[in-house]
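Please read through the structure below; I'll follow up with questions.
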Amino acid sequence: MFKFLQSVVAGSGSGLKDLPYNIGEPYSSAWGSWIHSRGTSRDDGSPVSIFSLSGSSTNDRHIAAGRNGVKRLRTVRHPNILSFLHSTEVETTDGPSTKITIYIVTEPVMPLSEKIKELKLEGTQRNEYYAWGLHRIAKAVSFLNNDCKLVHANVCLESVVVTQSLDWKLHAFDVLSEFDGNQAASTGPMLQYEWLVGTQYKPMELVKSDWTTIRKSPPWAIDSWGLGCLIHELFYGTKLGKTEELRDTSSIPKSLLPDYQRLLSSTPSRRLNSSKLLETCEYFQNKLVDTIHFMEILNLKDSVEKDTFFRKLPTLAEQLPRQIVLKKLLPLLASALEFGSAAAPALTALLKMGAWLSAEEFIIKVLPTLVKLFGSNDRAIRVSLLQHIDQFGDSLSSQIVDEQIYPHVATGFSDSSAFLRELTLKSMLVLAPKLSQRTLSGSLLKFLSKLQVDEEPAIRTNTTILLGNIASHLNDGTRKRVLINAFTVRALRDTFSPARGAGIMALCATSSYYDSTEIAARILPNVIVLTIDPDSDVRSKAFQAVDQFLKILKQFHEKTDGGESAGDSIMGMSSIPGNASLLGWAMSSLTLKGKPSEQTPHAPVNSSAPITTVASTASSVMDTASTATIDLSSEAYMVDQPAPVSPTSTDGWGEIENGIHDDNGSEKDGWDDIEPLEDPKPSAVLATIQAAQKRPVSQPKQVLNSKPKITANVPKHEDDDLWGSIAAPAPKSVKPSTAKSSVAPDDDDPWAAIAAPPPTTRAKPLAAGRGRGSKPVVSKLGAQRINRTSSSGI
């Protein structure tokens, strides 16, 4: 027969153009004279089922019944009735004879008998699956009898098929007919094609063709008998041979036995309605039926019921038949999450069920849903995804991560919730290896730069740890530009001691990426400071790091002395791609020296203010330290400061490097503020006065120590009367400098007390009784003239 079907499909009949499907191998069983075959669509290769029925002519009774089945299947739609896709009728000529073949294309299904053998369920799991399947068929029969007033007339094991999601569905509608209860007096047959039904499946009134009794009976009487036959075949595992076998109830579950007996009542009017069977049957009350039923009406449940259900679902799923969970519950759960009807706890159950799938099935059935969920606006869903990302991260392809997932995950870096920011940060440990270099350098490092100055110390610490872990995925140029700056300028100077410890560990873990020059000039000077850190753990790590980096330098020294010249070593290091950038930074920092107007001014230091800057510079930290106190262990030394934005870097650390090289480019930058304290130089006015003091009238020491105001006992008007006439003509010769010295010279001129003050008295810090022990007229006059002449010449 299979060869015949292949020859039919390969023929030149006009009807084949209407069948865009390929017919595959047939199943071993099917209802009636139909052949149930596997098939695929020619358009997309999707699987289908193809039912075929052949007859010798158009007047063949089987062909007529088959046409009735096609019409009924096309028009009757229900979730528990086989879904119709396509049908066609093909006429072929084989020699002198003509054959008619009807094709029905449906969703992919397989016979129930074969699926039961394939599942091999036993015990409680078998009973739960049977209960769920019978529940589905009873709903389909109830729909036909009570809602549509139709009679199927041949409910049995062969009329039930199973979908890929293990749903049971009713088909075989060749005998299906309307219930003609209004014409009770009619003696004609109500079921035109009842001859297709086997005698063992017919109730006594149908065997006798007592149409009067059938019309007086309820619409469900015949199909309730068929449900009893289905139950018997299901639990005995064999096809019903004769009606008397229905009396054997040894294999029927006790919870189902009373309803089974009522379905097979000898009186048609007393048979149990399938709708009542659904409501009262104790056998249908089990975890599997309840769970699937809850999932199917999920939209009708409130948030409390959903939350309670999904929190219990992971534990419940372990107790249900594994195949049903994976093929039925899992798709329902994925669909509910995808369309927003499921709560965030459902994601835990989805991932637990997904863990039971193979890697290939997980990618097909679960991963698309997870990718879509990353675009959800529900914060609880996003948190749950990030918390479990280690369970499915390995299954994500680089393209999906870079193009579909990362853009949504990256919004968590700027979220107002610190918890979500930290989860987003930790998720990068899984996602970063799958990101492109463009995304790593152009986006991720920018966010990490901001997180290194986050207000939460734990986030700052984890950012440093993450940088150390993903360093191997950065290119050489990015590592040269970012790592040292991030670990030394930021991490090692953090006020949070675990953050400083993380910076030290990150430097040690990435030591293979630094050359000897970077270790000696940039790393060791920053690490060795932490050997006197207030935190003992930081000190211990600092000593270990110093030992490790010194060992590296010693190895470089031994290697250089062993056979390579210093010049060769320097040339070898200069070939590193990052060194070109280092040279560029050093030159740019040198060009900015001496031009403070071209640099962005630093914000004032305030260690108590929250850290809000994106980047910090070494120069700002050194300026703070030298201005306040030279204390390497103080908190002010470790506070990040704002810095000028780098014109060439876009990842958040370029501006730090410029600051570092500004400090390291010249020793003068780091010590400008300290040098004046070692060797103070006298002011120009004081030097002039000291040179003019040839007569011991007043000692320079007294001038230096005469800053406090002294209330003189001698009235000021005495000096005014003596020297007022002398002081008057002076402005003509000192006119160019009077404007500048109108206020300030009194502070710098030790002799200003002798000059006549203006009518309004002013505070003169150096004016009180200076040098009034003796008043030789000539000496004072000479000194006054010299001072006025010298001050006017300055």
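Glycine residues also receive a Cβ, built from the backbone N, Cα and C atoms like all the rest.
Just so you know, TrEMBL annotations never went through curation; they're auto-generated.
According to TrEMBL:
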- 658-671: compositional bias 'Basic and acidic residues' (COMPBIAS)
- 751-768: compositional bias 'Low complexity' (COMPBIAS)
- 2-284: domain 'Protein kinase' (DOMAIN)
- 640-679: region 'Disordered' (REGION)
- 692-794: region 'Disordered' (REGION)
- 366-404: repeat 'HEAT' (REPEAT)
- 523-561: repeat 'HEAT' (REPEAT)
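In terms of burial and nearby residues, how do these features look in this structure?
Beyond the ends of the repeat 'HEAT' (366-404), by six or more residues, the same chain brings 330, 334, 337-338, 340, 343-345, 347-348, 350-351, 354-355, 357, 359, 412, 417, 419-420, 423-424, 426-427, 430-431, 434-436, 439 to within a C-beta distance below 8 angstroms of the stretch.
Mean pLDDT of the predicted structure over the repeat 'HEAT' (523-561): 93.
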Please report, as numbers and ranges, the same-chain residues at least 6 past the borders of the repeat 'HEAT' (523-561) whose CB is under 8 Å from any CB of it.
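Apart from its flanks, the repeat 'HEAT' (523-561) reaches 484, 488-489, 492, 497, 500-501, 504-505, 507-508, 511, 514, 516, 569, 632-633.
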